[in-house]
Amino acid sequence: MAPMQNKVICALVLVSMLALGTLAQSQTETCTVAPRERNNCGFDGITPSQCASRGCCFDDSVRGFPWCFHPNTIDIPPEEECEF
């Protein structure tokens with residue numbers, strides 16, 4: 001491949017990574033938490049809105065585990081840079 005083609009491909013990859021990185025930065029936590037890994041964030045009878053006001057997740061579909069729980073942090077790997 002010609003050197004110019006490598007630079008164009010690298011630039012396109014970099015632009016794509018930046019665009020995806022911007023999307024990923026807006027979400028650093030997820031409410032996808034296995035029931036056994038849930039850390040309680042509420043109290044008996046807490047409502048979904050009360051739970052959300054604490055910055056926590058609410059899921060009452062699994063009995064015997066906390067319904068209001070702390071979200072998991074998403075680990076965002078460092079971005080790789082293209083070398084020109």
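Cβ atoms are placed via backbone N, Cα and C, with glycine included.
Keep in mind that this is a model prediction, so the values were computed, not measured.
Per TrEMBL, the features are:
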type     : residues    : note
SIGNAL   : 1-24        : signal peptide
DOMAIN   : 29-72       : domain 'P-type'
DISULFID : CYS31-CYS57 : disulfide bond
DISULFID : CYS41-CYS56 : disulfide bond
DISULFID : CYS51-CYS68 : disulfide bond
Sparsest Cβ surroundings (other CB atoms within 10 Å) among the disulfide-bonded residues CYS31, CYS41, CYS51, CYS68: CYS31
Model confidence over the domain 'P-type' (29-72), averaged pLDDT: 96
All-chain count of other Cβ atoms within 10 Å of CYS56 (disulfide bond): 23
Cα-Cα distance linking CYS56 (disulfide bond) and CYS31 (disulfide bond), given in Å to the nearest integer: 8
Residue from CYS51, CYS57, CYS68 whose C-alpha is spatially nearest that of CYS41 (disulfide bond), among the disulfide-bonded residues: CYS68
Integer Cα-Cα distance in angstrom, CYS57 (disulfide bond) to CYS68 (disulfide bond): 6
Whole-number Å value for how far CYS56 (disulfide bond) lies from CYS68 (disulfide bond) (Cα to Cα): 6
Neighbouring C-beta atoms (10 Å sphere around the C-beta of CYS57 (disulfide bond)): 23
